[in-house]
Structure formats: structure tokens, C-alpha cells
Amino acid sequence: MVLLSENASEGSNCTHPPAPVNISKAILLGVILGGLIIFGVLGNILVILSVACHRHLHSVTHYYIVNLAVADLLLTSTVLPFSAIFEILGYWAFGRVFCNIWAAVDVLCCTASIMGLCIISIDRYIGVSYPLRYPTIVTQRRGVRALLCVWVLSLVISIGPLFGWRQPAPEDETICQINEEPGYVLFSALGSFYVPLAIILVMYCRVYVVAKRESRGLKSGLKTDKSDSEQVTLRIHRKNVPAEGGGVSSAKNKTHFSVRLLKFSREKKAAKTLGIVVGCFVLCWLPFFLVMPIGSFFPDFKPSETVFKIVFWLGYLNSCINPIIYPCSSQEFKKAFQNVLRIQCLRRRQSSKHALGYTLHPPSQALEGQHRDMVRIPVGSGETFYKISKTDGVCEWKFFSSMPQGSARITVPKDQSACTTARVRSKSFLQVCCCVGSSAPRPEENHQVPTIKIHTISLGENGEEV
């Protein structure tokens, strides 16, 4: 959305010499606006790198977040610098043609950002309402189509003024004014803000209702399934697990409940994070989309230039604060941000490649005298742990209290055929899983050793994702 100045509204038909620049004001605005632009650019780049460098963030939901960051990055890197120069100088210094192009790119990026939030709200509604069916409903192909629709619709809304849908431009090329043609103002306000806002609010109201209902149901079920053991028991499903009689049905029911609990907890937390993003979006953009139509349809009620500049930059501010919201609201993004800032991205990807597909053997006395490798499973390698109640008939993993690093002592559980041990760094949640494996030759086929695909996730003590 393009800045409007008072002299623009006068519709001057001649080019006036630019007024002298107030140096102190220019320096102050340059520092503030320049810092805001740099923060927005670096923050959105950080979001993109965090998703790109962490396998567990390679999901359709996070691709939507990357799309939002791309739109915000384009806005902060291609539009805001010229807006800041316009604000500092007090006049447009780049000519009429570039003014029109700049205005179109401005509307394109802002609309794409807003519609991206709309797509995210729909995605979160599906994730919370249908957590188990979500992967089949929201596929990568459908996600790509949704993102294409976002950018096509944004392009349609933004290019109207380039084809003449605007009021006559002033002859003074130092004036780059907002398009106040009433028809276009109504069209762009509805398409860029009010329709997406209505969808967002409806989706999050439904998310809230579903989350409250599901939370009550899952909490009541969790109370009946809690174990008396103080140890955290995590199990990994594997095929061809023997079971007897009616225990199969009971195990399936408990497994379904536990998987549903974890998936719902994960979707609920993502919905909370993105709900904060949407709340900030409404606070930032609503004033602008109230002021703009009022000024277009009712010129007598047009706000002052100072008020307009405030709401104008408040809308831009939204594209700079989303990178703050993610780490503050999500441990997942906080860890990803920290890894990128510490330049651990490449090392984590390489470690992940070695960890995935590793064949784990249960600890046994036969392995005691052999060389062992400690396999580091990095958090965020793209896998999932399920916390499931006892007697499920599935492969069991027990995680014990923290042990000093470098300790060679290995705790061997009683049931060596069904579980193996690991160490965790934190008592409250899983940060790093170090599993005991063997570098010895692969056992013979008649040796009953399960080959397990490793699945990891960060879990709280109650089973929720952290």
C-alpha cells in the first residue's frame, strides 16, 4: 500500500522543486526505518533457512510458513527501502513509471502475505479437526496448488492500476500517491483483507471450539491410561508383532488413542502459534484497511497525514514481526533458529543422514565385549515418537534419567528382546537420543533381532510436543 502525502491530494499539475531535507529528521527516520527493514529482511531469511535446514519442518504447514516469509521478505527487501526513502525525503525521486511498478509490487506482496495467513488458518483447522486424516487431506500437491492460487489471486488484485484502473496521475513526478479510485479501493480492500480476514476468523473460531472439545475428551481418556511408573516409556510400532486373543483389539484401541493424543497435541500447539501470528496481523492491518476506504469514499473524513503515515507503517510492521512470533511461541522454531544462528544447519543434515536407517540391536551380553557406536539422533531429523500405554504388544523403548556424557556404563533392561536403552539430556523432555548400536557384522537371519526404523520427537512429560 502506497504512501499518500498532503501535497498529493492537491492534485498539482506542475513539478515543484523539492523542499530542503531536514537533516536531523532524516537521520532519525533513517535509523528507525533502516533498522526495521534490516530486521525484517534478516528475520524472514532466518525463517526460510530454519525450515530448509531441518527435516522435521519439511511439512505442508511449514511450507505455508515459508511462503508467508517469502512474501514478507519480498516486501521488506523491494518495497520498504523505497518507502523509507520516500518518507525521509518527503517526495518521490524515482519517476512515474517506477512509482506505478512499486505500487503494484507493494499490493502484490501485502496481499500474498495476507492470503498466506488465510491458507494457514484453513490448514490448522484441518489439522486440529482431523489430526489422523490430515496427511491424506493436505497433500503436497494440494499444498502447491493452494500456494499457486494465493499468488495468482494476489497478482490479479495488484495489476489493476497498471492497466488504467486508477484516478488520473498528477503530472508532478515527485508525487507518488495512493490509488483512491473508489471501485478499485473497494475491490482491493475486500480481496486483500476483508474476505481473507473473514475466513481466518471463522477458521480459528472453529479451531477453538474443536480444540476445547477434543482436549476434554482426550484428557479424560488420558487419566484412565496413565501408568504408575515414573519412567518415561516410549514405544515404536513395528510389523509382525505377535499378539494373542482379544489383546489385539485392546492394543489397537490404545495405540490409536495415544497416536491421536500426540497428533492432536502437535496440531493444537501449531494452531496456537499461528493464532498469535493472525492476531498480530489483525492489529497491524485493520487500521489501514479502515482508513483507506473511508478516505476514498468520504473525502471530508479523510484522516490527517500523520495518522495515515502511522497506520501505513503499522501495516508494514506486520511483515517484520512474524519472525519474532515463531521462536517466542514455538520451541520447535526456537531450536531451529538457534541451530541456524550457530551455523549447525549443515552438520545437523549430515548427522541426520547417518542416523536414519541405522539398524539398532537390543543390548545383550553377547554385545558387551564388542565395540559399540553411540548413534546420535538429532532433534528435528524428521521422525516421530509415540507415547503409548503398556501391554500394547509393540517394541518398547525405555528412557532413563540423565547420565554423564562419556559414560561407558550401559543399563540393560530385563526384557532384552523387546527394548533397548537410551540417555536423555533433560528430565522434562527429549532433546537428544543416544541409542546403543553395534558396528559388528549383521546377525544371521535366524537371530531374532528386530530392525527398527528410528522415530524421534521432542515430548513433554505429559506426551505433548515441546
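Here the Cβ of each residue, glycine as well, is placed from N, Cα and C on the backbone.
Some features that Swiss-Prot has for this protein:
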- 1-27: topological domain 'Extracellular' (TOPO_DOM)
- Asn7: N-linked glycosylation site (CARBOHYD)
- Asn13: N-linked glycosylation site (CARBOHYD)
- Asn22: N-linked glycosylation site (CARBOHYD)
- 28-51: transmembrane segment (TRANSMEM)
- 52-64: topological domain 'Cytoplasmic' (TOPO_DOM)
- 65-88: transmembrane segment (TRANSMEM)
- 89-99: topological domain 'Extracellular' (TOPO_DOM)
- Cys99-Cys176: disulfide bond (DISULFID)
- 100-122: transmembrane segment (TRANSMEM)
- 123-143: topological domain 'Cytoplasmic' (TOPO_DOM)
- 144-167: transmembrane segment (TRANSMEM)
- 168-181: topological domain 'Extracellular' (TOPO_DOM)
- 182-205: transmembrane segment (TRANSMEM)
- 206-273: topological domain 'Cytoplasmic' (TOPO_DOM)
- Ser215: phosphoserine (MOD_RES)
- 274-297: transmembrane segment (TRANSMEM)
- 298-305: topological domain 'Extracellular' (TOPO_DOM)
- 306-329: transmembrane segment (TRANSMEM)
- 330-466: topological domain 'Cytoplasmic' (TOPO_DOM)
- 334-349: motif 'Nuclear localization signal' (MOTIF)
- Cys345: S-palmitoyl cysteine (LIPID)
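Look at Cys99 (disulfide bond): DSSP puts it in a helix.
Nonlocal intrachain contacts for the transmembrane segment (274-297), taken as residues 6+ away from its ends with a CB within less than 8 angstroms of a stretch CB, comprise 1, 4, 114, 117, 120-121, 124, 178, 180-182, 185-186, 189, 192-194, 197, 200, 204, 207, 303, 307-308, 311-312, 314-315, 317-318, 321-322, 325-326, 329.
Of all the Cβ atoms in the protein chains shown, 20 others lie within 10 Å of the Cβ of Cys99 (disulfide bond).
Remote same-chain partners of the transmembrane segment (65-88), defined as residues 6 or more beyond its termini with a Cβ less than 8 Å from a stretch Cβ, comprise 3, 21, 25-26, 29-30, 33-34, 36-37, 40-41, 44-45, 47-48, 51-52, 94, 102, 105-106, 109-110, 112-113, 116-117, 119-120, 147, 150, 176, 309, 313, 316, 319-320, 322-323, 326. Looking only at the recorded positions Asn22, Cys176, the densest Cβ neighbourhood within 10 Å occurs at Cys176. According to DSSP, the topological domain 'Extracellular' (298-305) comprises 4 helix, 0 strand, 4 coil. For the topological domain 'Cytoplasmic' (123-143), DSSP puts the residue distribution at 15 helix, 0 strand, 6 coil.
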